[in-house]
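In what follows, a single structure is set out as structure tokens and then discussed.
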Amino acid sequence: MQPSGHRLRDIEHHPLLTDNDTYDSASSEADMADRVWFIRDGCGMVCAVMTWLLVVYADFVVTFVMLLPSKDFWYSVVNGVIFNCLAVLALSSHLRTMLTDPGAVPKGNATKEYMESLQLKPGEVIYKCPKCCCIKPERAHHCSICKRCIRKMDHHCPWVNNCVGEKNQRFFVLFTMYIALSSVHALILCGLQFISCVRGQWTECSDFSPPITVILLVFLCLEGLLFFTFTAVMFGTQIHSICNDETEIERLKSEKPTWERRLRWEGMKSVFGGPPSLLWMNPFVGFRFRRLQVRARKGGPEFSV
């Protein structure tokens with residue numbers, strides 16, 4: 001059932017959709033744009049909740065253990081505003097990463113009509129994913145957790161319960177950056193708080209008892225060190241991948257580029273959109289409320305809200 005003039009490569013020889021099956025690419029793309037993307041993966045949802053709880057814990061310790069008991073009013077206000085702004089930006093970036101379609105290829109678009117609409121050149125080879133029965137665009141890879149082919153898939157991150165791909169990579173970069181910055185800020189505040197408590201002999205440095213204060217500060221230091229190490233490394237690898245126009249999967253597989261690479265600033269512009277500006281740092285750019293709807297989908301891990 002392959003149209004003449006080009007070849008269809010498939011790892012498993014699944015048939016194309018029959019004439020009785022229907023696929024409307026325009027309605028499918030519109031449907032995907034109208035709903036919030038969410039992956040029902042147990043491990044990913046647990047990791048995402050843990051991320052939020054750890055950020056909330058850090059905010060609690062910074063606000064109620066270190067800043068509010070401080071006698072320096074402006075010290076408390078300035079650091080409180082900075083830390084809470086970083087926390088809000090980090091969690092907003094996390095939500096945008098988790099709830100944004102990473103670039104999923106519509107399922108079941110491997111139909112004769114759709115292939116003919118691609119206007120392929122004679123002898124051109126196209127690839128069909130045997131798992132979700134879709135025509136795989138260049139640089140797309142199938143995610144076994146999302147159960148979809150993702151355009152420019154970099155990796156699947158359980159901490160954001162989603163793949164990092166073409167459409168949500170900028171939010172993932174912002175998430176790692178803001179978590180790293182807030183971790184550094186928390187570590188600096190912890191150091192200053194320890195110095196203040198030691199000088200004051202732990203009498204008036206906190207509204208909590210000295211043992212509780214020490215435990216809270218030590219856990220925050222450990223959290224800050226772990227978060228900073230992980231997110232700083234991820235931020236660096238993401239920027240490197242963007243500047244070299246090469247995803248992590250392509251790097252690990254040592255795939256030779258068959259596409260025209262966008263290096264350095266061109267790669268950054270393609271991911272963050274437009275010339276360099278403060279809008280690059282804003283996770284709310286392009287945000288719009290979606291329609292609330294619930295749909296039953298066969299065989300897919302995502303649902304609409």
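From the backbone N, Cα and C atoms, a Cβ is placed for every residue, glycine too.
As annotated by TrEMBL, transmembrane segment applies to 42-67, 73-91, 171-195, 215-235. Look at TrEMBL and you will find 128-254 tagged as domain 'Palmitoyltransferase DHHC'.
Remote same-chain partners of the transmembrane segment (215-235), defined as residues 6 or more beyond its termini with a Cβ less than 8 Å from a stretch Cβ, comprise 54, 57-58, 61-62, 65, 173, 175-177, 179-180, 183-184, 186-187, 190, 193-194, 208.
For the domain 'Palmitoyltransferase DHHC' (128-254), the predicted model reports an average pLDDT of 90. Long-range neighbours of the transmembrane segment (73-91) within the same chain, counting only residues 6 or more positions beyond its ends whose Cβ lies under 8 Å from a Cβ of the stretch, are 52, 55, 58-59, 62-63, 67, 174-175, 178-179, 181-182, 185-186, 189, 281, 283.
Per-class residue totals from DSSP over the domain 'Palmitoyltransferase DHHC' (128-254), listed helix then strand then coil: 71 helix, 19 strand, 37 coil.
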